[in-house]
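Novice: Relevant sequence annotations retrieved from TrEMBL are reproduced here:
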type: ACT_SITE; residues: 332; note: active site, proton acceptor
type: ACT_SITE; residues: 416; note: active site, schiff-base intermediate with substrate
type: DOMAIN; residues: 18-106; note: domain 'Copper amine oxidase N2-terminal'
type: DOMAIN; residues: 254-657; note: domain 'Copper amine oxidase catalytic'
type: MOD_RES; residues: 416; note: 2',4',5'-topaquinone
């Protein structure tokens, strides 16, 4: 497929910094320098995150109000938030730096059972340490692998189970490494799918000492039994790379072309911050290490809708109850980061059409700026018909296309990919879409057996069942800062003189008054809405609102006493409603790595704060229970999940009425040329593109 790239001229001089602008390279360097200045010069500091500390909402709302009205904006101190270790120790700190004043405002060492995320340099070191350990080499030797065989290590976050028994403890930060074999018949192919050849050896590496602390052997049967390594049976390769396939030859180009360019505009509101305007939408976009894309100050046609939107958290708990798999429960944002794991998107491959790219600056483990090129792509896409009506009396049709603005980022977390996208349309709707793809996390299994907690996807290869549970954080300002959540339910009317045929039904609205977790109920069509009770629709007098349309999913399957359940505090309800607090951004808590629970949205909801006509936050959970299938291997076709926020009594009519009609002079479609006849009854398109009607034979 071919595409064209939008060229937008950005300001040449440095834009003034804005309270919501992501940190610049110089600000990252300055923050690291100030932290290093707290310690003796020979102290080796391992920086985990240097990111913007967003201003308190009480300060920022007046700033944004003044900004929108063209008035002079108040001064707000610019600050950074830093998470760091003294390298090769368990001494984890968080600090706040005032960039406006050039000083460290606070520096706190965190307590036990609090661990930071992994970083890229650390993961590569762990891979190497696991494979170079002499005890690990001795166990690999017992497999009697073919000469020249290459073993690959996948470090995983260790997880939590509450056990503290000598070397079996989650009190210290660890990595559980799973080993695989690269295809011995093509061992020089670095992109070979090693997940098709899992090994039974699993070293555990201490993140503190960077040494192997123990070696686990993986169960491969129908129970917990483990066995010593023995000669390995090499199975056939199962590759995903294109050169290993016989590719189709009957697909023709499909070009996405916008001859006049894109309809959106991009401008810098700070050096690293961007403001997007498109089809009455206007919002700011930032990018950080943990959440990746964050949207701020979202307006439609000048009316405020959302103060802040982001993917807050995700959890992937696995179903295999045996050691060490019982600890597999990745928090891909808190344990790694959607920003730091973002792909460099390729023109014409990841994004089609007229593309504008946003790049970002994050930090590496040494506190140096790390440039993240093309980590967000912005483009428009045609999403089919937006609305249509044909007057059957006159035959006149009115029809418009549904165009969407897409902001997309793709993250790779070891074996898995997630394609994350905010989508806006011309009917005042905003969607958040997740596409899950990549490669299954696999483990060895004895040939000829099957187990109920996973699927055999290749000889000797088991893919365990697992859930993908996401939490979308919505900080609303629907026509103002004071909002509420209500839910509608549809119930049948009882039979009566008014309803003698038993066909009537009514819809009842119930407000949520205190912070809590809530669930969908499709039997009564329970629909949640974020509402501003103080602003009424001019036509029907109902409060303006946006409804939440989220697909049903099976919530956390691990029981309530499990660490899976305790840690993923968002995974037990479809909706959480909490009162706003400045430092409550992450549904699973600030530190998810080997966490114990008690620091996330479930705990915040338990405060039972008022959430009626107040400053609230809504957390929307969605996901899939991934029961693997053969077709998911060696690489998984995209599984698509989408949450939509749709206006309810917010406008006085369909807001997409003013979209120009869909006409051929604008669309420039062409008739396809198909050079063979179809079966009886089908349309045939001749060489010149004319449509012929083939008479159908009578079959009465």
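Cβ from N, Cα, C; glycine included.
The shown structure was predicted, so the numbers you read here are calculated from the model rather than taken from an experiment.
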Novice: What are the helix, strand and coil residue counts for the domain 'Copper amine oxidase N2-terminal' (18-106) according to DSSP?
Specialist: 25 helix, 28 strand, 36 coil
Novice: Between residue 332 (active site, proton acceptor) and residue 416 (active site, schiff-base intermediate with substrate), what C-alpha distance do you get in Å?
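Specialist: Checking the Cα atoms of residue 332 (active site, proton acceptor) and residue 416 (active site, schiff-base intermediate with substrate) gives a distance of 10 Å.
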Novice: 10 Å Cβ neighbour count around the residue listed as 'active site, schiff-base intermediate with substrate'?
Specialist: 19
